[in-house]
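Data first, discussion second: the structure below is written as structure tokens.
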Amino acid sequence: MFRTLLKSKIHRASVTHCELNYEGSCAIDEDLLDAANLGENEQVHIWNINNGERFITYAIRAERGSRIISVNGSAARRAAVGDLVIIAAFAQVHEEYVAGFRPKLVFVDPDNRIKEERSTIPVQMP
């Protein structure tokens, strides 16, 4: 049996561009793609913290070091420049590998600079 697990996450990234007339996708600074182990054309889920929108698209490369997060195509209607988003991708993992599987979690500052990288999520406390 396979389980679907969180593979990659860029947490609280700031949307820098919304390009309605661009052919779909989400352009992500190549440094962030690498840090989060996201590949070009990989399916990503985007969760908009500001308005609650959740949608699926695919990642494309933005210039390395540009700190760009550009929501493109029809998805541009679901975000605005300055919105905070979580970008996530999932993997199908065979159950024998689940216990040892660790996601790549990337936390960024308001300017989309990497401030922390982790592979675990702390236990939520009351």
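Glycine is treated like the rest: Cβ placed from N, Cα and C.
Residues or ranges marked as active site, schiff-base intermediate with substrate by Swiss-Prot on the basis of sequence analysis: Ser25. Sequence annotations record features per position, and here Swiss-Prot assigns active site, proton donor to Tyr58 based on sequence analysis. Swiss-Prot lists Thr57, Gly73, Ser74, Ala75 with the feature substrate binding site. Under the heading pyruvic acid (Ser), Swiss-Prot lists Ser25.
Structural mapping of features recorded in Swiss-Prot.
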residue : record                                               : CB count, 10 Å
Ser25   : active site, schiff-base intermediate with substrate : 19
Thr57   : substrate binding site                               : 19
Tyr58   : active site, proton donor                            : 15
Gly73   : substrate binding site                               : 16
Ser74   : substrate binding site                               : 11
Ala75   : substrate binding site                               : 21
Other than Thr57, Gly73, Ser74, Ala75, which residues of the same chain sit close to substrate? List them in sequence order, counting a residue when its Cβ is within 8 Å of the Cβ centroid of the site.
Gly24, Ser25, Cys26, Phe55, Val71, Asn72, Ala76, Arg77, Arg78
Ala75 (substrate binding site) and the residue listed as 'active site, schiff-base intermediate with substrate', compared by Cα position, are separated in whole Å by 8
Subset of recorded positions (Ser25, Gly73, Ser74) lying within 10 A of the residue listed as 'active site, proton donor', CA to CA, in sequence order
Ser25
Under DSSP, is the residue listed as 'active site, schiff-base intermediate with substrate' part of a helix or a strand, or is it coil?
strand
Measure from the CA atom of the residue listed as 'active site, schiff-base intermediate with substrate' to the CA atom of Gly73 (substrate binding site) and give the result in Å, rounded to a whole number.
7
